[in-house]
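Feature annotations, courtesy of Swiss-Prot:
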TRANSIT   1-13  transit peptide
BINDING   102, 104, 158, 182  Zn(2+) 1 binding site
BINDING   106, 107, 182, 221  Zn(2+) 2 binding site
MOD_RES   116  N6-acetyllysine
BINDING   191, 192, 193, 221, 222, 223, 297, 298, 299, 300  substrate binding site
MOD_RES   229  N6-acetyllysine
MOD_RES   229  N6-succinyllysine
């Protein structure tokens, strides 16, 4: 992995991050004070598929997905188009494809400008509300980015047309990746704006949860610390949560992303992936996954974040 440089030195950024953390301020607030330039890029090189993690706005992520064999690339949720164009040029790749997870402005709001900057782009998404859409997709639709396979997974709940993108290299030994937008976060999930607890259960446990355990999870926002604080509240005896939280605080303090996680990891510390576990059900006062999902999401929406 290669980490890009920010505008502050490591010590200065660490001090600022630690100060924010002591006051209970999350990564989004660091973004407000410092802007996106102080959140570092990250290049994840697993083989043929490379993923450039591009911080955007205050806590969003865009992802440049590169096929190293053909030098063709796709961009996931390009809310800051010029930054996308610059990243593609830096890597010397041809941007051909836009993968939009959902229609919210902080994910799809850059589509119209990007198609003006880069002609001939194919814009994929599962919702007619997505700007500049050229290819509407449904559950299990497939497409290619160079030699990479992309499978579209419908995960309605956060929005009714939400799509996650599962990317793999046929015949390759490298782990696959899934770009989850606002359905699955590190240690969390998206709010149920246009769906139900039953739909989120299906999305997390039946659609995403059945992907290979080593699948890299690239989510839409940097919410990891606060998500883990809530997870700790739900399962105070869970050592995996404590360890991941300490790790995430260190990453945050130096401006580095906490993505990707893996699906296997999510099943150890994400309360929304653990709604079948007795410890989570007992905390919620429920006995089945759907009612537990509903109760835990309701509690998370009202949770007062501790300042540690």
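Residue 1 is the first one shown; counting continues down the chain.
Keep in mind that glycine also has a Cβ here, set from the backbone N, Cα and C atoms.
Here the CA atom of residue 158 (Zn(2+) 1 binding site) lies 5 Å from the CA atom of residue 193 (substrate binding site).
On the backbone, the CA of residue 191 (substrate binding site) and the CA of residue 116 (N6-acetyllysine) stand 32 Å apart. Secondary structure at residue 193 (substrate binding site), taken from DSSP and collapsed to helix, strand or coil, is coil. Distance noted between the C-alpha atoms of residue 104 (Zn(2+) 1 binding site) and residue 116 (N6-acetyllysine) is 20 Å. Sequence-distant contacts (6 or more apart, same chain, Cβ under 8 Å) of residue 182 (Zn(2+) 1 binding site) comprise 101, 102, 104, 107, 158, 159, 162, 190, 191, 219, 220, 221. Residue 222 (substrate binding site) sits 28 Å from residue 116 (N6-acetyllysine), counting Cα to Cα. Candidate binding-site residues: 222, 299. Fewest other C-beta atoms within 10 angstroms, 299. Within the same chain, residues at least 6 positions away in sequence whose Cβ sits under 8 Å from that of residue 229 (N6-acetyllysine) are 245, 305, 306, 308. The Cβ of residue 106 (Zn(2+) 2 binding site) lies under 8 Å from the Cβ of 56, 57, 60, 79, each on the same chain and at least six residues away in sequence. Counting neighbouring Cβ atoms within 10 Å of each of the recorded positions (116, 191, 221), the lowest count belongs to 116.
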